[in-house]
Each structure stands twice: as structure tokens, then as C-alpha cells.
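Peer 1: Mind having a look at this structure? Questions to follow.
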Amino acid sequence: MYRALRLLARSRRLLRVPSAGAAVSGEATTLPRCAPNVARMASQNSFRVEFDTFGELKVPTDKYYGAQTVRSTMNFKIGGATERMPIPVIQAFGILKRAAAEVNQEYGLDPKIASAIMKAADEVAEGKLNDHFPLVVWQTGSGTQTNMNVNEVISNRAIEMLGGELGSKKPVHPNDHVNKSQSSNDTFPTAMHIAAAVEVHKVLLPGLQKLHDALSAKSKEFAQVIKIGRTHTQDAVPLTLGQEFSGYVQQVQYAMVRIKAAMPRIYELAAGGTAVGTGLNTRIGFAEKVAAKVAALTGLPFVTAPNKFEALAAHDALVELSGAMNTAACSLMKIANDIRFLGSGPRSGLGELILPENEPGSSIMPGKVNPTQCEAMTMVAAQVMGNHVAVTVGGSNGHFELNVFKPMMIKNVLHSARLLGDASVSFTDNCVVGIQANTERINKLMNESLMLVTALNPHIGYDKAAKIAKTAHKNGSTLKETAIELGYLTAEQFDEWVKPKDMLGPK
């Protein structure tokens, strides 16, 4: 993949989530209102003093964020470190802020300032500054605090690069320069789409493709294994184990098709819409140029959204993508359940599949082994279904010119993409590739099945065939014995007409 995608993948592997206490280095304290021209560095307790429009706040000297970030940590103490804004969103912001700085330089932003912003934004995109983003998802529904967290971090890092004083907002101002031609209302949805697209391409689709390929290989491996089918969990007519697995292959294939079909709307970026979609305080061409820069940085086909009012006020694209993932979760739930039920036993279940044994299954029953990968996959599927409910509620609550469920929506979309991608890889590596067919058990169950009688329908009719099946079941006899005893056909006729290998498709 392209440069930014490689950097994002590398940064995720190196990600360290600090404790909630380390994030803000203690309780922030509100000081008397004033707006100094430069920040006053506090000599005690390793704080510096910064200000926002509400007044002064103490900021840890070892952090690049500023007053608005500190104020958010004071106002939204919800959930702790585990509820932080997803790092993919922060890294997407880094990509966006770099692209905006490039375009703003074309429109007259001081090249020295633009260059420093771009370098700092690159560090954000690469995950080098993850420790400086302490805010939780549960904040303003527009994501304004996170946008300002990004602006402050990039501003202070750029100031440091230029030899200035942290918190001074000189020579790089978080609003006037880093956020130039932007609003939280268009930057956050842009970052949402960038993050979602990257996660889909880096994690979700590769995971599903791996699972698809493994299931396809098993379908071919089991092509000659004839088994009894089941409908309503009851015996049905035969099919091959390969045919059964081919259904799973198609489900995963369609899952990828649906996800890819949702991506063109994800590639549309809100950047340039600013506050309500009109593009106030931007230059003509800014939106198109930013989208092109983001596309170049990520290697993904991003374009400017054709209607910025829709891009800010509604997030139907994310609901659509979440819906595709929800459908994938339904498919994976069915596949995992089928495989674990077919592997149930080892002596008292169906036992048609032999599943890999990966770890002890019980703290009290010696020798017990469980279908743990199937269980993990079904739990992931359930979580994704729940995530989609939240995304659906969020998407339906765009009021007037702005949807204010943005952070919650992207948190759940990214969570679903990551879980499905990772679970698909785990399920493939630790279960699917090691599945074996228990042909002895499969043959035994098939030969005992009463539904082989269906092959007699064209020869003796439905009613007589049903009589054979019911009588055989009642008496505990075989179909062949019962058919002969009832006088409906000879042994030779039964052997000629009831052949499982001839019951696998149309004639």
C-alpha cells in the first residue's frame, strides 16, 4: 500500500495507551480569566499556563496539547482511557491537516509555517504523537474537542520545530494556521471517512479475503465427501461436504462485494464545507485540492463530496458501511455455528468435522477441548450487530445542518471493521485450515438417514415413499428392508434407484 497506509499500519503495532492519569498529569485547574500574549511557564509541578476563550488553564509541560484539550478532560470524565478517541481517527486527522496545509500554502500561507505544520501533521499520521491525544469519544457530538486537540498538538509541535515557546501560539496558531479554511464540522467527518476507508482496506477486506480463500480450499478438498444434508436441523437429502462449504465461500464473497459497494460514498470527503456546508472562509477549489492531496497521501480514491450539506448533516455512508459489516457478521455467525455444530462431540455429537485442538477446554473436565475459535467468532458477530444498532441510531439523528453523533458512530464503525478483520484471520489460521472430514462418521450417518427415500419419489410416488420412511423409523428397520417388506419394490430396484452419488444435482 502507499506510504501513509504503511505508516499507519506500523504505528498501530507500536501503539502504547498510557494510563488516564498519565494523560493529563493530574487535575487541571482553572485560573482567573485573562488572555496573555504569551504562555507563562510554571516552574513548579511541571505545568505551563495556556488560555482559551474561557480563561487560563494549567497544561502539563511534557504535552503538546493545549488549553482546550485540558478543558475537555475536565468536562468529560467518561469511561477513562479505554474510551479514548480511536487512534485511526487521530492519524486520519494528521493526513487531513497535512493536506490542508499544503493547499493553504498554495493559497498564500507562509511556507515556513506550512512546512512546520506538514511535518508535525506527518508525525501525527505516523502515530509518533499518540500520547498527546487523551480525549474520550464521549464529548461534543461534532468532535470539536478532538479537532482542537489535533490543532493544538500540531501547532505546539510546529512551534517547537521552529524554536518557539510551547503554548505561545506563535508563530503557528492552532486556529488561524492549522485549522485554516476548516471547521470541526467538516474536518471530523472527513477524518471519519479517511479512518474508515483505511481500516477497511488494511484490516477488514484482507481478513475476509483470507477466510474466503481458506474456505474455498476446503470446499475443493471435500468435493467428493458425500454426507447427509439437514434442513430445520432435521435429516434431509444428501450433498457433498464441498457443496456445503461452497455456500460459506459465497457468503464471504458477497460480504466483500457489499463492503466494496459501500466504499464510493466513504471516499467522498466533507472537507471544504466548513461550518454548515456553504464553504464559508475557504477559497474556490480548496475542497477539490484537499481531497486530491488526501488521495495521493493514502493511495485511496478520495474525492470531494458533491454536496457538503449532506456530508455534514447526515452520515448515511457510514450507516451503509456498517450495514454491510452487519450483514457480514450475520454470515460469519452462521458459518461459525455450522462448523462448531458439525464438529460437536467427539462421541455424542454430530462429529462430521474434526476441528483443530488448540487449548484445554475445561478447568474441571480432563481432556475436554472446545470449539473456541467458533465461539470467538460468534461473539464478534454479536458485537458487530450491536455496533450497527448504535450506528443506526446515530445516523438517524442528524438535526438540521449537523449530525452530532459523529464520535460514537466512527468508534463503532472502526470497532466493527477491526473485529471482523481480526476475527476472520484468527478463525482462518486457528480453525478453518485445520478442519478435517470425519468420513467414517459421515458415511454412518448418511446410510442411516431416512431421507434417502426421496430418491424413490419419481419411481413409486410420494405417498408410498413416505410410508416406507415412517414405517422404517417406527420399526427401527432400514429403508431397503421396509420397502421390500411393504412390497413396493425389489432389492435390485432399491439398489438401482437409491444411490447418494446420484442425488447431488439435477439430471
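Using N, Cα and C of the backbone, Cβ positions are placed for all residues, glycine too.
This is the feature table in Swiss-Prot:
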- 1-41: transit peptide (TRANSIT)
- Lys58: N6-succinyllysine (MOD_RES)
- Lys58: N6-acetyllysine (MOD_RES)
- Lys63: N6-succinyllysine (MOD_RES)
- Lys77: N6-acetyllysine (MOD_RES)
- Thr82: phosphothreonine (MOD_RES)
- Lys119: N6-succinyllysine (MOD_RES)
- 142-144, 173-176, 183-185, Thr231, Ser363, 368-370: substrate binding site (BINDING)
- Lys210: N6-acetyllysine (MOD_RES)
- Lys220: N6-succinyllysine (MOD_RES)
- Lys220: N6-acetyllysine (MOD_RES)
- His232: active site, proton donor/acceptor (ACT_SITE)
- Thr233: phosphothreonine (MOD_RES)
- Lys289: N6-acetyllysine (MOD_RES)
- Ser362: active site (ACT_SITE)
- Glu375: site 'Important for catalytic activity' (SITE)
- Lys499: N6-acetyllysine (MOD_RES)
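For each listed feature, how buried is it and what is near it?
Peer 2: There are 22 other CB atoms within 10 A of the CB of Lys58 (N6-succinyllysine), with all protein chains counted.
DSSP assigns Lys63 (N6-succinyllysine) to coil in the three-state reduction, placing it in neither a helix nor a strand.
Secondary structure at Lys77 (N6-acetyllysine), taken from DSSP and collapsed to helix, strand or coil, is coil. Listed in sequence order, there are no same-chain residues at least 6 apart in sequence whose CB falls under 8 Å from the CB of Lys77 (N6-acetyllysine).
In three-state terms derived from DSSP, Thr82 (phosphothreonine) belongs to a helical segment. Counted within 10 Å of its Cβ, the other Cβ atoms near Thr82 (phosphothreonine) come to 8, all protein chains included.
DSSP assigns Lys119 (N6-succinyllysine) to a helix in the three-state reduction.
A sphere of 10 angstroms centred on the C-beta of Asn370 (substrate binding site) encloses 15 other C-beta atoms. In this structure, Asn370 (substrate binding site) belongs to neither helix nor strand by DSSP; it is coil.
For Lys210 (N6-acetyllysine), the same-chain residues 6+ apart in sequence whose C-beta sits under 8 angstroms from its C-beta are Ser424, Val425, Thr428.
Secondary structure from DSSP puts Lys220 (N6-succinyllysine) in a helix. Within the same chain, the residues at least 6 positions away from Lys220 (N6-succinyllysine) whose Cβ sits under 8 Å from its Cβ are Gly242, listed in sequence order.
Its own atom aside, the Cβ of His232 (active site, proton donor/acceptor) has 6 Cβ atoms within 10 angstroms in the protein chains shown.
Just so you know, the Cβ of Thr233 (phosphothreonine) picks up 7 other Cβ atoms within 10 Å once every protein chain is counted.
Mapped onto three states, the DSSP output places Lys289 (N6-acetyllysine) in helix.
Of all the Cβ atoms in the protein chains shown, 10 others lie within 10 Å of the Cβ of Ser362 (active site).
Proximity of Glu375 (site 'Important for catalytic activity') to non-local residues of its own chain (separation of 6 or more, Cβ distance below 8 Å) is seen for Ala336, Arg340, given in sequence order. According to its DSSP assignment, Glu375 (site 'Important for catalytic activity') is helical.
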Peer 1: Counting other Cβ atoms within 10 Å of each Cβ, which of the binding-site residues Ser142, Thr144, Ser184, Thr231 scores lowest?
Peer 2: Thr231
Peer 1: If I take the Cα of Lys289 (N6-acetyllysine) as reference, which of the binding-site residues Pro174, Thr231, Lys368 has the closest Cα?
Peer 2: Pro174
Peer 1: What's the number of neighbouring CB atoms sitting within 10 A of the CB on Lys499 (N6-acetyllysine)?
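Peer 2: Neighbour count, Cβ to Cβ under the 10 Å cut-off: 14.
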Peer 1: Among the recorded positions Lys63, Lys119, Lys289, Lys368, which residue has its Cβ surrounded by the fewest other Cβ atoms within 10 Å?
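Peer 2: Relative to the other recorded positions in Lys63, Lys119, Lys289, Lys368, Lys368 has the fewest Cβ atoms within 10 Å.
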Peer 1: Enumerate same-chain residues with a sequence separation of six or more from Pro174 (substrate binding site) and a Cβ-Cβ distance below 8 A; give 'none' if the list is empty.
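Peer 2: Once residues fewer than 6 apart are set aside, Pro174 (substrate binding site) is near Gly66, Met148, Asn151, Glu152, Ile154, Ser155.
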Peer 1: How many other Cβ atoms sit within 10 Å of the Cβ of Asp176 (substrate binding site)?
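Peer 2: So the number of other Cβ atoms within 10 Å of Asp176 (substrate binding site) is 13.
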Peer 1: Where the distance is taken from Cα to Cα, which of the recorded positions Lys63, Thr233, Ser362, Lys499 turns out closest to Ser142 (substrate binding site)?
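Peer 2: It is Lys63, whose Cα lies nearest.
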Peer 1: Within 10 Å of Asn370 (substrate binding site) (Cα-Cα), which of the recorded positions Lys63, His232, Thr233, Ser362?
Peer 2: Ser362
